[in-house]
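Participant: The structure under discussion is supplied below as C-alpha cells; questions concerning it will follow.
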Amino acid sequence: MIVSVLGSGAFGTALAISLAGNGPVTLWGRNSDQIRAMQDSRQNESRLPGVPLPEGLKVTSDLADATQSQTLLLAVPMQKLRVLLSENHAMFKGKTLVACCKGIELNTGLGPIAVIRECLPDAQPALLTGPSFAADIARGLPTALTLACCDEALGRDLQQALTTANIRLYRTQDTVGAELGGALKNVMAIACGAVIGAGMGDSARAALMTRGYAEMQRMALACGAQPETLAGLSGFGDLTLTCSSELSRNYQLGLSIGHGRAFDPSVTVEGAATARAVDAKARAMLLDMPITHTVVGLLDHSLTIAQATAQLLARPLKEE
Ligand SMILES: NC(=O)C1=CN([C@@H]2O[C@H](COP(=O)(O)OP(=O)(O)OC[C@H]3O[C@@H](n4cnc5c(N)ncnc54)[C@H](OP(=O)(O)O)[C@@H]3O)[C@@H](O)[C@H]2O)C=CC1
Ligand SMILES: O=C(CO)COP(=O)(O)O
C-alpha cells in the first residue's frame, strides 16, 4: 500500500517517519518555505527538532504529487479538515482517507469520519487514533493505537499497512466510539490541567478523570458507540495519557488556566473548540455533561476556577 501523509505538523511528520520504515512515504505540507527547509535540513525544525527524516521519506509542498498515493493520512487539525478536503476535492476523489485528527467540528458537531463523508461521498474513510505523542513516535518509542474503519476488509488492510516497527495497531469497526473517545479526552485533559495548575491535587484530578470518563461514555453511547471502544486505547487509553502528561498541549492549556497565565494561541489545542462543540451537542441531546460545560466556562472566562470547583462540588448527590 503506497501511503502519503498530508499535514507536516508534529503528528504528520512523526507518522511519516515511522511509516518510512515500511517503504517509501510522501509527506505533504502547505507551507512551501517550511517544506524547503525540511528538504534542506532533513528535519522538521519547528515541530520535531532534532529528529532526522529517514531516507525513504519524501517531503513535498505539491499536493498533486502527494495525492498520487491511494491511501492518504490526514494529519491536520480537526477544524481545518473540511477546508483541506473541500478546496482540493478533485484530488481526493475515490481515495482511502485516514483521518488522524482528534476533535469535533465546531459549526456542525460532526467528527472526522462524517466530515469526510460529507465532503467526499465516494471516498473510503477511516480513523487513526489513540494514546501517542508525536515526539514518542518520531523517536521510535513503542506505541499502540486504534485503527477504526466501518469496512472490515479495508480496516484489516489498513491495520496491516500502517503497523510499523514501533506502532502496533488494534482494529475496530466502531468509528463513532473511536472518534468520540479521542475528541472528548482532550476536553478532560484541559480540566485536569486546570485542577493541577490551580494546586487542587492529584485526588481532584483522579475524580475528574473518572467522572470525565463517565461523561465520555454518556455521549458516546448516546451516539451509538460500543462501550468496549471507550474502554480501549482510543478512549480510556488516551484519556490516561493526556490527563497525566505535561507533554500534552491540552493539558498544558489547562495548566495555564489553573495558573492564571496566558497561553500561546498558535498552539494546536483540539479540546478548546471540541469542548464548545460537545457542550452544544450535549444540550441538544439533553445529556448531562457538567465537566465539559465547566471547561467551556473556563475557556470563555465566564467562570473562575474557584466558581467552577464550587459548582461541580455542589451538584446534587447521586448514585455513581
Ligand atoms: N502532536 C501529537 O502528539 C498528536 C497529535 N494528534 C492529532 O493530530 C492532529 C494534528 O496535530 P499536530 O500535528 O500535533 O498539530 P501541529 O500544530 O503540529 O500541525 C498542524 C499542521 O496542520 C497544518 N495545517 C493547518 N491548517 C491546514 C490547512 N487548512 N491545510 C493544510 N494543512 C494545514 C499546519 O500547517 P501550518 O504550519 O502551515 O499552519 C501544520 O503543519 C490534531 O488533531 C491532533 O489532535 C494525534 C496524536 C498525537
Ligand atoms: O493526542 C495526543 C496524545 O494521544 C496529543 O495530545 P495533545 O494534542 O494534547 O498534545
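A Cβ is built for glycine as well, from the same backbone N, Cα and C atoms used for every other residue.
Curation plays no part in TrEMBL annotations; they are all automatic predictions.
What you are looking at is a predicted structure, and each value in this text was computed from that prediction instead of being measured.
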Participant: In TrEMBL, Lys102, Gly130, Ser132, Asp238, Ser248, Arg249, Asn250 are given as binding sn-glycerol 3-phosphate, so which of Lys58, Lys185 is in that site too?
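Facilitator: Sn-glycerol 3-phosphate site check in TrEMBL: besides Lys102, Gly130, Ser132, Asp238, Ser248, Arg249, Asn250, the record includes Lys185 out of Lys58, Lys185.
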Participant: Filtering Phe11, Arg30, Lys102, Ala134, Asp238, Asn250 (binding-site residues) by proximity to ligand 1: which pass a Cβ cutoff of under 6 Å to any of its atoms?
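Facilitator: By the Cβ criterion, which requires under 6 Å to ligand 1, the hits are Phe11, Arg30, Lys102, Ala134.
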Participant: Using C-alpha atoms only, work out the spacing between Ala134 (NADPH binding site) and Lys185 (sn-glycerol 3-phosphate binding site) and round it to an integer in Å.
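Facilitator: Ala134 (NADPH binding site) to Lys185 (sn-glycerol 3-phosphate binding site), Cα-Cα distance: 17 Å.
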Participant: So if I draw a 10 Å sphere around the Cβ of Phe11 (NADPH binding site), how many other Cβ atoms end up inside it?
Facilitator: 26
Participant: Using CB under 6 Å from any atom of ligand 2, narrow the binding-site residues Phe11, Arg30, Lys185, Val267 to the ones that qualify.
Facilitator: none
Participant: Identify, among the binding-site residues Ala134, Val267, the residue whose Cβ has the fewest other Cβ atoms within 10 Å in this structure.
Facilitator: Val267
